[in-house]
Amino acid sequence: MFPTHRPRRLRTDGVRPLVSETDLSASDLIAPVFVDATTDERVAIESMPGHERVPVAEAVDRVEEALATGVEAVMVFGIPESKDDAGSRAYADDGVVQRAVRDISAETDAYVITDVCLCEYTDHGHCGVLEEHAAEDPTLTVRNDETLDLLRNTATSHAEAGADMVAPSSMTDGMVGAIRQGLDDAGFAEVPIMSYAVKYESAFYGPFRDAADGAPAFGDRRHYQMDPANRREAIREAHLDVEEGADVLMVKPGLPYLDIVRDVREEFDLPVAAYNVSGEYAMLHAAADRGWLDLEETARESLLSMKRAGADLILTYFAEEIAESLSSDRADRENTNP
Ligand code: PBG
């Protein structure tokens, strides 16, 4: 008798769920939200269909909308009322994120994570304080060690406002250690750090830079974000963050870097996060708009692949729609097997 082996036996509707190796659930997902201090009204983000910047007064409503879909955690990004060369609105007590997080943590049950970076807050759009003459000389870049103080102050001010977790994303050497020390000194030893440990200098961040108004005014970020060609360096970056006290390790972007998600998963025991970034979101929307791809199916498959690669949690602009569709799946199953 041929074939001897018939893997298809395990693909019937009845048995597929029993032998499924990977699960996607709403509790794995983190929904990014954008709070904008420059507006009194919601503003649609053109390159990220379905997403908006909301005024501080609507931050709580925005988070309640996410919670209603089954998502339990949000990542808060801020667009400040003004920018300067040191990004001072990033660490102001009455900054946009600080105000929004105070309200969100007082009035909702969301688990609140904040992005800790300076690029949305500096007038030059880089993720830290610049070397003098950086605008004229592309070999000059962000001053690493001076930036650490600002990141430490930013993270501490987020914790003071009520953030449950902070997520530094600036790729400054030593950022996790500096922030850990700042949090501990300020009495926030229990606030975990999710490090954007392995963050590549990626062209897939384009739509986000529209959304958060954080594109560099000149040059690019290749002097501080990682070279997409590098794999061993990812492990080295993650080791440094673990030594400095990171609690969760993130790989970013997600889909084009699934090999790195897998590498980090295999090397470390800490939870691993993958960031399904703005460009990954925009490209599926663009193709779906043309009728070339099914949006929900491709979004789900993308997120499932990140889990399969080893991610425990996923930051994604699809969080709310996928959480909703996962819960309607469950309702369907409950209806068919009473
Ligand atoms: C930095 C930050 C960025 C993203 C998250 N945090 C932008 C960047 O590094 O240029 C990008 C997220 C995305 O593209 O979805 N504050």
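Glycine too: its Cβ is placed from the backbone N, Cα and C atoms.
Feature annotations, courtesy of TrEMBL:
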type     : residues               : note
ACT_SITE : Lys199                 : active site, schiff-base intermediate with substrate
ACT_SITE : Lys252                 : active site, schiff-base intermediate with substrate
BINDING  : Cys117, Cys119, Cys127 : Zn(2+) binding site
BINDING  : Arg209, Arg221         : 5-aminolevulinate 1 binding site
BINDING  : Glu237                 : Mg(2+) binding site
BINDING  : Ser278, Tyr317         : 5-aminolevulinate 2 binding site
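A gap of 14 Å separates the Cα atoms of Tyr317 (5-aminolevulinate 2 binding site) and Lys252 (active site, schiff-base intermediate with substrate).
The Cα of Lys252 (active site, schiff-base intermediate with substrate) lies closest to that of Lys199, out of the recorded positions Cys127, Lys199, Arg209. Arg209 (5-aminolevulinate 1 binding site) falls within a helix when secondary structure is assigned with DSSP. Taken residue by residue with DSSP, Lys199 (active site, schiff-base intermediate with substrate) is part of a strand. For the recorded positions shown (Lys199, Arg209, Arg221, Lys252), fewest C-beta neighbours within 10 angstroms: Arg209. The Cα of Arg221 (5-aminolevulinate 1 binding site) lies closest to that of Cys127, out of the recorded positions Cys117, Cys119, Cys127, Lys199, Glu237. Taking a Cβ cut-off of under 6 Å from any atom of ligand 1, the recorded positions Cys117, Cys119, Glu237, Lys252, Ser278, Tyr317 reduce to Cys117, Cys119, Ser278.
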